[in-house]
Amino acid sequence: MAYTNQISAVVFLAVAIAPLLAEPQSTMFPEMTPECATVMPDLLEKCFATGSVTPTEDCCTDLKSATSTQVTCLCDNYIANPAVSNITGPYSKAITTKCGVFDKYSCDGTSKGGEEKKGGSSSSNGKDNGKSEGNGGRANSVAASMAMFGLLASLVFVMF
């Protein structure tokens, strides 16, 4: 009889937690406009694909002449999402600082790139360290659900 109760409790918990795990997950790649997808590869190749923190003249010229749309595209889709590309905050900061456009490209993935900052230079690394990256904390949600399931299942087994 106790074994039947344990099975029933485990099945109940599995059915109760399953809808939480079935929520659609966000995509790894951010949404990108067609303009962003066609314009950015050239700039990315000139500036960030070399692996060097010393930018070329062509790179600096392109960074200085970039429109606000291009800045927003670079910030939101590449700098703020290192999972998509290898452009990390410190690497981006090194290149944009040497080109003299750090204030223009100091962004955090919130479509605010290209806005001039008021009052002095920024010491930001180009990322918001308080945010989770990639999946918006979905992995933590799954881990918490599984931990709760394990806790409840062990309590049920101890009781019966």
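The backbone N, Cα and C atoms fix where each Cβ goes, glycine too.
Predicted, not measured: the structure shown is a model, and the values here were computed from it.
Under a cutoff of 8 A between CB atoms, and with a sequence separation of 6+ in the same chain, the neighbours of CYS36 (disulfide bond) are THR69, GLN70, CYS73, ASN77. In the three-state DSSP reading, CYS36 (disulfide bond) counts as helix. Taken from Swiss-Prot, the feature disulfide bond covers CYS36-CYS75 (among others).
Secondary structure at CYS59 (disulfide bond), as computed by DSSP, is helix. CYS59 (disulfide bond) counts 22 other C-beta atoms within 10 Å of its own C-beta, drawing on all protein chains shown. The disulfide bond annotation in Swiss-Prot covers CYS47-CYS59 (among others).
If you look up Swiss-Prot, you'll see CYS60-CYS99 (among others) marked as disulfide bond, on the strength of similarity to another entry.
In the three-state DSSP classification, CYS73 (disulfide bond) falls within a helix. Taken from Swiss-Prot, the feature disulfide bond covers CYS73-CYS107 (among others).
Marked as N-linked glycosylation site by Swiss-Prot: ASN86.
The GPI-anchor amidated asparagine annotation in Swiss-Prot covers ASN135, and the record cites sequence analysis as its basis.
Annotation source Swiss-Prot lists region 'Disordered' at 111-136.
Swiss-Prot lists 1-22 with the feature signal peptide.
The distance from the Cα of CYS60 (disulfide bond) to the Cα of CYS47 (disulfide bond) comes to 8 Å. Every protein chain shown contributes to the tally, and the Cβ of CYS99 (disulfide bond) ends up with 20 other Cβ atoms within 10 Å. Comparing Cβ neighbour counts within 10 Å across the disulfide-bonded residues CYS47, CYS60, CYS73, CYS75, the minimum falls on CYS60.
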